[in-house]
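J.: Questions regarding the structure given below will be posed in turn.
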């Protein structure tokens, strides 16, 4: 068994040609170092240490064993592009399982590799005859021709599909344009109809408004005329009323003047008769307001031939609160219509002006007779 295994290894080593070693992007060519290595008698693989990368040059491109030399099928285009990409560093080599090609056991035996992970492991070259290479080349050409025909057929189908899609798109665009024009024309007709309806409605509304405005003007004119007639009648009535009121007021003033003149004459006569006497002529209550304060105050008064005394109450007459001398303190006596319009609403009211800039006093009595008597005595010395 050992002899058979050794002979098999010797035959396999003689059949194995020299295999170029795959080179990384960082390696340079060294004729002494890069000599082809024989197949290992143990695992049937070519192993070269990656430690030789220390002599690599970044400018030297990666050198690979071609598929024709090795007899292996060609790699896809994307993998070849990745292998020729020298701008990126090579990835680390994963650990590989060794394969025993010995025929003693009748099958391949895979064992875990105990070699360092920085080694490159290549498969042995498979030799082919010229007839096999010609057959494979013919198959590749036929396969390429079929692929080109299939690509041409697919391109024609794609062009036909694109043409149909373009025609369909143009047809849809034309249909959309036709619908858009029809819709636009319909919108224009509808807008024209709506505008005409609006104009007719506005015309009718304007005519109705004009008629209503004319009617309002006529009614307003009649109202103004009627108002003028009523106003004229009211004005005449008011004029008559005012004239009557003025006549009555003038008559009342004349009566008041006569009464005041009579009271003044009687007071002068009485004062002359009782000159120097302190006899009480009239006593009672009145309400007084001075120009220094707006408050009305109730006072008890006593009228003598020479003065008018004001007390707070009728019980304490020892000391008067104010005393008006009839001979020198009174400057004038006035009714409400003589500059004291605020007394118009107060019955039995009058006012006296004090001499020497002492201001004025407004007062009103309980009866009209008391008012006439006081006004007569207060004005008797003027």
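Yeah, the Cβs are placed from backbone N, Cα and C, and that goes for glycine too.
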J.: Pick from 14-45, 46-77: which stretch is listed in TrEMBL under region 'Disordered'?
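T.: In TrEMBL, residues 14-45 carry the label region 'Disordered'.
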J.: Along the domain 'PH' (279-382), what average pLDDT does this model show?
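T.: Computed over the domain 'PH' (279-382), the mean pLDDT is 87 on the 0 to 100 scale.
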